[in-house]
Amino acid sequence: MKMWRHLDMNNIIMKLEDIDKFYMETGNKLHILRKLNLEVKRGEFVSILGKSGSGKSTLLNIMGLLDKIDGGKIWIDDKEVSSLNEMERNNIKNHFLGFVFQFHYLMSEFTALENVMIPALLNNFKNKTEIEKEAKELLEIVGLAERMKHKPNQLSGGEKQRVAIARAMINKPKLILADEPTGNLDEDTGELIFSLFRKINKEHNQSIVVVTHARDLSQVTDRQIFLKKGVLE
């Protein structure tokens with residue numbers, strides 16, 4: 001296994017340095033992200049905004065090590081991770097990152113409680129009894145103490161997304177990344193989801209980065225960043 005390069009970033013949980021990303025489209029090379037630089041502090045709640053096609057989701061995928069970069073460096077919790085192989089990247093994702101997407105991706109045959117437990121069971125970090133106890137506590141945090149035994153088809157859209165948030169927290173990630181988490185929800189439910197993120201951020205000192213097109217909802221975050229033509233403003 002490669003040795004990680006360390007960077008003394010003190011209060012920085014993630015740093016992107018001179019990130020370039022290209023895509024090929026009908027024979028044309030598109031420069032999606034251009035020498036992009038970003039730092040996220042520990043315990044910070046950050047929103048990334050931009051027009052459709054601005055590269056917001058690409059940026060979040062790069063932060064989550066779901067997509068590779070074409071130039072630059074990525075640092076997570078003072079370790080350089082941009083040059084790691086696939087197995088090492090997966091290890092970082094499992095230990096340091098939590099993900100929430102626009103669609104909840106809950107498994108229909110399992111209850112809310114079981115869905116939250118799955119990532120921890122797969123990683124085999126703890127025994128099943130401990131995992132179940134922590135999953136119940138997380139469902140209480142997101143306001144679903146009475147819905148633990150319900151399956152996804154018995155939950156509302158907002159409740160499903162709250163289960164997804166609890167699932168993202170089960171492995172105690174250093175950073176939660178959320179890609180348009182309110183995109184499929186009505187305005188009132190979207191506000192509840194952002195309020196929940198803020199509560200988790202404040203009460204648990206959880207670092208969160210959320211990509212959204214909803215500028216009004218992003219007002220509750222510590223910092224708003226705008227992505228335009230591959231550059232942060």
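Cβ coordinates are placed from backbone N, Cα and C, and glycine is handled just like the others.
The domain 'ABC transporter' annotation in Swiss-Prot covers 14-233. The ATP binding site annotation in Swiss-Prot covers Gly50, Lys51, Ser52, Gly53, Ser54, Gly55, Lys56, Ser57.
The Cβ of Gly53 has fewer other Cβ atoms within 10 Å than any other of the binding-site residues Gly50, Gly53, Gly55.
The Cβ of Ser52 has fewer other Cβ atoms within 10 Å than any other of the binding-site residues Ser52, Ser54, Ser57. One way to see the shell of the ATP site is to take the Cβ centroid of Gly50, Lys51, Ser52, Gly53, Ser54, Gly55, Lys56, Ser57; the remaining same-chain residues with a Cβ within 8 Å of it are Thr58, Leu227. Secondary structure from DSSP puts Gly55 (ATP binding site) in coil. It is Lys51, among the binding-site residues Lys51, Lys56, whose Cβ has the fewest other Cβ atoms within 10 Å in the structure shown. When averaged over the domain 'ABC transporter' (14-233), pLDDT in the model lands at 92. Under the DSSP three-state reduction, Gly50 (ATP binding site) is assigned to coil, being neither helix nor strand.
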